[in-house]
Amino acid sequence: MNTQILILATSAFLCVRADKICLGHHAASNGTKVDTLTEKGIEVVNATETVEQKNIPKICSKGKQTIDLGQCGLLGTIIGPPQCDQFLEFSANLIIERREGNDICYPGKFDDEETLRQILRKSGGIKKENMGFTYTGVRTNGETSACRRSRSSFYAEMKWLLSNTDNGVFPQMTKSYKNTKREPALIIWGIHHSGSTAEQTRLYGSGNKLITVWSSKYQQSFAPNPGPRPQINGQSGRIDFYWLMLDPNDTVNFSFNGAFIAPDRASFLRGKSLGIQSDAQLDNNCEGECYHIGGTIISNLPFQNINSRAIGKCPRYVKQKSLMLATGMKNVPENSTHKQLTHHMRKKRGLFGAIAGFIENGWEGLIDGWYGYRHQNAQGEGTAADYKSTQSAINQITGKLNRLIEKTNQQFELIDNEFNEIEKQIGNVINWTRDSIIEIWSYNAEFLVAVENQHTIDLTDSEMNKLYEKVRRQLRENAEEDGNGCFEIFHQCDNDCMASIRNNTYDHKKYRKEAIQNRIQIDAVKLSSGYKDVILWFSFGASCFLFLAITMGLAFICIKNGNMRCTICI
């Protein structure tokens, strides 16, 4: 009877499940992958796209003082062809140039056109001041059918000076203008190249013509070059425009004896603006700070893959269409194989048997925190998130996107338009430089994101380690690590006890005596799997030896007492 009681008690003891607490992290079967410095395609719980690909096909002008130049070219606002009459003076912080816009009416070109265009794009608008030039002995009303209003006319801001009579003498003249303003003045003038020598003589008289312009920082002489050219707008002549920025209190002087297109008013820049070239429709219902020829880029991302020539407060252009920034930890979802393994192991080791490493594996459904606990005890099983470690990781990860933006965003200016023959070389250099910058920034972007991803994954693993160490230091000798991110507790630990472990208020001294007793009992019956077979064979051999000894002893006694006779025949 006593033997039966002992066997039942031992069986009952072995069947009791040990209380256990495990640590893990959130997992989600989402397929979100990022690249790090050392590995590509690492799946993470959360990630944010850093490359903008969405374009608004409109010019978002809400909240901006916008001017749409329409048929007027930006440079035309300085010299005043008929199509620019309404834009001779304006104020704006967003200037829109259209493809149909034209800077001139009489054929010609601007010297250093792109520099002048950049100045005007950033000008904030134009205001003008009369230069006060008066003329005697010449006509100031030169006009052409190429610049028609109701009839033949000329540039509104320029004077075409002609001899008083056809073939008449053009007197030598000198005119001066002093800039009395506090800001630089934009001064522009023209040189007329007649369609023939005969035409030049008719307009300005015979002899060589020379125009000289000088200031404290500028000096240049110009000689007209008459001759036949292909007709444009019915004209075989050309007018080339030149310009300078005149400092405050400086004086510009003009000396000429014909073929001179004189300025009438000096231009002053109003402030700051953004100039764009686009045929996209204006939209006053949306706001934007980054523009390109196809519309507006509205994004708070650090990179964009829409247009390499976007201007304004824009994300950096990169060649990559996607660069994912990790904002969560490494993800190991509970796939079907994992769940089948979990079910199989639960039969042997309970709820937590499937966990093969608390950093490498996660739990789906832990949505209220990144890190958490699972426990089992006499009251059942439970899961709880750890908010402190979660918040610590989030605080360090939050702002990664903003830091990338700070490293990459800046105001871009558009250096792009038509170049004359000499400026084409400059244009090629600009384009080559731009392409090189794109290559560099595409590499930099990939590197920056990879560095941040590496840091994020290392950081989240580090927080997991901290949480694990916190639990281990609390439990001390009252529990044993099982190597799978779990602790087997050697005393009864109810839900309040489990909560104290999670809250870092666990008192290991309170349970020490019970834990030591249970540890001794458990250690006494624990057998390492490597010695089980040896012990079994030893036990079997000892049993056989004992059985043989008893049998031989009984036989010897029986023979001695005459109860058994042994006959040996030879």
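Yeah, the Cβs are placed from backbone N, Cα and C, and that goes for glycine too.
Swiss-Prot lists 19-533 with the feature topological domain 'Extracellular'.
Swiss-Prot lists Asn30 (among others) with the feature N-linked glycosylation site, giving sequence analysis as the kind of evidence.
Take the CB of Asn46 (N-linked glycosylation site) and look out to 10 A: across all protein chains shown you find 19 other CB atoms. When secondary structure is read from DSSP and collapsed to three states, Asn46 (N-linked glycosylation site) falls in the coil class. According to Swiss-Prot, the N-linked glycosylation site annotation covers Asn46 (among others).
With a cut-off of 8 Å between CB atoms and residues at least 6 apart in sequence, the same chain places Asp283, Asn285, Cys286, Glu287, Gly288, Thr296, Ile298 near Cys60 (disulfide bond), listed in sequence order. Marked as disulfide bond by Swiss-Prot on the basis of sequence analysis: Cys60-Cys286 (among others).
Proximity of Cys84 (disulfide bond) to non-local residues of its own chain (separation of 6 or more, Cβ distance below 8 Å) is seen for Leu69, Cys72, Gly73, Gly76, Thr77, Ala156, given in sequence order. Taken residue by residue with DSSP, Cys84 (disulfide bond) is part of a helix. Residues or ranges marked as disulfide bond in Swiss-Prot: Cys72-Cys84 (among others).
For Cys105 (disulfide bond), the same-chain residues that are 6 or more apart in sequence and have a Cβ closer than 8 Å to its Cβ are Pro81, Pro82, Gln83, Thr144, Ala146, Cys147, Arg148, Tyr155, Asn233. Secondary structure at Cys105 (disulfide bond), as computed by DSSP, is coil. Feature annotation from Swiss-Prot assigns disulfide bond to Cys105-Cys147 (among others).
Look at Swiss-Prot and you will find Asn249 (among others) tagged as N-linked glycosylation site, backed by sequence analysis. Counting every protein chain shown, 11 other Cβ atoms lie within 10 Å of the Cβ of Asn249 (N-linked glycosylation site). DSSP assigns Asn249 (N-linked glycosylation site) to coil, not to a helix or a strand.
Sequence annotations record features per position, and here Swiss-Prot assigns N-linked glycosylation site to Asn253 (among others).
The 10 Å shell around the Cβ of Cys314 (disulfide bond) contains 24 further Cβ atoms across the protein chains shown. According to DSSP, Cys314 (disulfide bond) is assigned to a strand segment. Annotation source Swiss-Prot lists disulfide bond at Cys290-Cys314 (among others).
Among the features that Swiss-Prot reports, N-linked glycosylation site is placed at Asn335 (among others).
For Asn431 (among others), the entry in Swiss-Prot reads N-linked glycosylation site.
Annotation source Swiss-Prot lists disulfide bond at Cys493-Cys497 (among others). All chains included, 20 other C-beta atoms sit within 10 angstroms of the C-beta of Cys497 (disulfide bond). Look at Cys497 (disulfide bond): DSSP puts it in a helix.
The annotation N-linked glycosylation site is assigned in Swiss-Prot to Asn503 (among others) on the grounds of sequence analysis. Less than 8 angstroms from the CB of Asn503 (N-linked glycosylation site) sits no same-chain residue that is six or more residues away.
Per Swiss-Prot, topological domain 'Cytoplasmic' is recorded for 555-570, and the stated evidence type is sequence analysis. In the predicted model, the topological domain 'Cytoplasmic' (555-570) has a mean pLDDT of 65.
Among the features that Swiss-Prot reports, S-palmitoyl cysteine is placed at Cys566 (among others).
Look at Swiss-Prot and you will find Cys569 (among others) tagged as S-palmitoyl cysteine.
Distance between Cα atoms for Cys497 (disulfide bond) and Asn46 (N-linked glycosylation site): 33 Å, as a whole number. Considering only the recorded positions Asn46, Asn249, Asn253, Cys290, Cys314, Cys493 (disulfide bond) has Asn46 as its nearest partner by CA-CA distance. For the recorded site, Cys72 (disulfide bond), the DSSP three-state label reads strand. When other Cβ atoms within 10 Å of the Cβ of Cys286 (disulfide bond) are tallied across all protein chains shown, the result is 14. Measuring Cα to Cα from Asn253 (N-linked glycosylation site), none of the recorded positions Asn30, Asn46, Cys290, Cys314 fall within 10 Å.
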